Amino acid sequence: MTVRINPSILSADFVNLQRDVERIASADLVHVDVMDNHFVPNLTFGPQMVGRLQAIAPIPLDVHLMISDADRWAPGYAELGAFSVTFHAEAASDVVETARALRERGSRAGLAVKPGTAIEPYLELLPEFDQVLVMTVEPGFSGQSFMAETMPKLRTLRQAVERHGLDVWLQVDGGIALDTIGIAAEAGADTFVAGSAVYGRDSVEAAIAELRSAAEAHSHGTPGRV
Ligand SMILES: O=C(CO)[C@H](O)[C@H](O)COP(=O)(O)O
Ligand SMILES: [Fe+2]
């Protein structure tokens with residue numbers, strides 16, 4: 001199974017964002033956290049900044065919207081050219097319509113769920129999505145501790161994806177570091193967001209390589225895995 005490492009620029013230096021985005025060129029995607037101080041108690045930036053990041057980033061943008069009224073605002077991020085746009089199930093009134101609007105505009109459609117949100121109601125909708133994001137912390141801030149109690153949700157998703165032969169990426173976000181990434185990989189994740197575990201290191205390149213090896217060692221489909 002292909003492992004993807006998506007550093008989160010929430011842990012970057014906002015005054016030197018271009019420099020910090022260029023430092024992670026060896027990663028797969030740039031994870032861009034959009035927060036509105038309403039859906040979550042934190043505020044980052046909006047479409048103007050995402051448009052500039054899209055113009056300068058050396059790797060594609062993985063936009064994670066933590067904003068209310070996702071149905072209304074998500075399609076605009078796809079129009080900026082983002083590779084993927086993920087919105088929260090808790091913030092949308094029609095997740096299928098919003099996912100279709102994203103795909104029509106050329107982006108991968110992602111559905112995110114908070115730690116306390118059950119995944120079962122969305123399993124039959126999986127073909128409408130290209131990726132599902134299981135939050136492994138309460139959304140809002142970087143540097144929080146990984147919540148292992150979210151792993152059963154990931155196992156349920158992995159089983160559903162395999163059973164139906166779907167190509168849906170399973171992403172985790174929050175508290176992913178060298179000591180937790182293997183737990184999420186073993187539970188079925190293939191796409192890993194890491195903020196502080198990348199930008200908190202002197203060598204972000206070494207951090208990305210080490211996270212990738214640790215995930216691959218526990219990934220589904222790895223030769224030798226039972
Ligand atoms: O969506 C997020 C927070 O809501 C961020 O992507 C996440 O916090 C990444 O930071 P860290 O890896 O330090 O937990
Ligand atoms: Fe995120």
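Even glycines carry a Cβ here, placed using N, Cα and C.
Given the structure is predicted, the values throughout are model-derived calculations rather than measurements.
As recorded in TrEMBL:
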type     : residues                                                      : note
ACT_SITE : D33                                                           : active site, proton acceptor
ACT_SITE : D173                                                          : active site, proton donor
BINDING  : S8, H64, G140, F141, S142, G143, D173, G174, G175, G195, S196 : substrate binding site
BINDING  : H31, D33, H64, D173                                           : divalent metal cation binding site
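Here the features listed in TrEMBL are painted onto the structure.
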residue	record	contacts (Cβ under 8 Å, 6+ apart)
S8	substrate binding site	H31, V32, D33, H64, S142, D173, V193, A194, G195, V198
G140	substrate binding site	M35, V40, P41, N42, M66
G175	substrate binding site	T136, V137, Q144, S145, F146, M147
S196	substrate binding site	S11, S142, G143, A177
Cβ-based neighbourhood (8 Å from the centroid) of the substrate site, residues S8, H64, G140, F141, S142, G143, D173, G174, G175, G195, S196 excluded: L10, S11, D33, V137, Q144, V193
Farthest-apart CA atoms of S8, H64, G140, F141, S142, G143, D173, G174, G175, G195, S196, residues recorded for substrate, distance in Å: 17
For D33 (active site, proton acceptor), the number of other Cβ atoms found within 10 Å of its own Cβ: 24
Neighbours of H31, D33, H64, D173 excl. site residues, C-beta within 8 Å of centre, divalent metal cation: N6, S8, L10, V32, D62, V63, T86, L133, V193, G195
Residues among the recorded positions D33, H64, G140, S142, D173, S196 that border ligand 2 - Cβ under 6 angstroms, in sequence order: D33, H64, D173
Secondary structure of the residue listed as 'active site, proton donor' (DSSP, helix/strand/coil): strand
Sparsest-packed of the listed binding-site residues (H31, H64) - C-beta count within 10 angstroms: H64
Which of S142, D173, all recorded positions, has a Cβ with the fewest other Cβ atoms inside 10 Å: S142
DSSP-derived class (H/G/I helix, E/B strand, else coil) of S196 (substrate binding site): helix
